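Straight from TrEMBL, the features:
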type	residues	note
BINDING	Cys32, Cys35, Cys51, Cys54	Zn(2+) binding site
DOMAIN	28-286	domain 'CoA carboxyltransferase N-terminal'
ZN_FING	32-54	zinc finger
Amino acid sequence: MLKDLFRKQRKYATIPSEQAKKEIPEGIMQKCPRCGTIMITKELEKNLKVCKSCGYHYSLSAPERIQSLVDEGRFFEYDADMLSEDPLHFPDYKKKLKSDIEKTNLKEAVVTGEGTIGGFPAVIGVMDSRFRMGSMGSVVGEKIARAAEKAATKGYPFILFSASGGARMQEGVLSLMQMAKTSAALEKLHRAKVLFVSVLTNPTTGGVSASFSSLGDINIAEPGALIGFAGRRVIEQTVRQKLPEDFQTSEFLLKHGQLDQVVPRHELRETLIRILEFHAYGREPQ
Ligand SMILES: [Zn+2]
């Protein structure tokens, strides 16, 4: 009887301690995937999630990105309740969407809306790689196209942050159609003579890199971001050549003329303000 009691107690004792072992270090500390430096999560967040030793840029969620960008955190979201359907009845797609909605507290992989940056109004879109790897399904494409149209109507510059694994396989060809739809909306923006700034973050690949994220009047990337269409292995096998080590990084693309600038996260807000100011046609900030 006494033995049983002890055994039960031990069982109760081991469960929380095992959980604690896993959860506490992950929550409080973060280990840099590039240089291995351990930083306290709060400090890392204060540093805009950039490693203090090697400058590695951790991913930012859409809410974190918006917070770091707009004046006083004020942001007015568009199409906040638009939800994905499962048009192809792809196995488990609905279940996966539901679990990502719960995990991220977002409805889809992009957040769009408007706010001011340094007093300059802008339409802003931010992809979130935690939601289905930031993949582009019909809703992502629709929200981006609508944001571009809104920017054209209002005459506000459009700033779009990409972070994406590419097209969303669960929506098949409908997903690929978003490349054309978003590109067409950006063409309208271009004809309305409204500025479009594309900011590519880690990773921007597949159909996203091959559509709207490469169509900026100004294309900026964060340092060390993986940017490309197909994966390295696929290309190496196709061209039968070894690719350079820094292939498909921001720095490589800048060197080869595919980007205008690589901007560290700490300088991004100021850089965007300068660009907005330069393109404000003499308008005073609000
Ligand atoms: Zn590091």
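Keep in mind that glycine also has a Cβ here, set from the backbone N, Cα and C atoms.
For Cys51 (Zn(2+) binding site), the same-chain residues lying six or more positions away in sequence with a CB closer than 8 A to its CB are Cys32, Arg34, Cys35, Thr37, Met39, Leu44, His57, Tyr58. Long-range Cβ proximity for Cys54 (Zn(2+) binding site), meaning a same-chain Cβ under 8 A and a gap of 6 or more residues, is found for Cys32, Arg34, Cys35, Thr37. Apart from Cys32, Cys35, Cys51, Cys54, the residues listed for Zn(2+), the same chain places the Cβ atoms of Pro33, Arg34, Gly36, Thr37, Lys52, Ser53, Gly55, Tyr56 within 8 Å of the centroid of those Cβ atoms.
Secondary structure by DSSP for the zinc finger (32-54): 6 helix, 4 strand, 13 coil.
Cβ-based crowding with a 10 Å cutoff singles out Cys32 as the top-ranked of the binding-site residues Cys32, Cys35.
Confidence over the domain 'CoA carboxyltransferase N-terminal' (28-286), given as mean pLDDT on the 0 to 100 scale, stands at 96.
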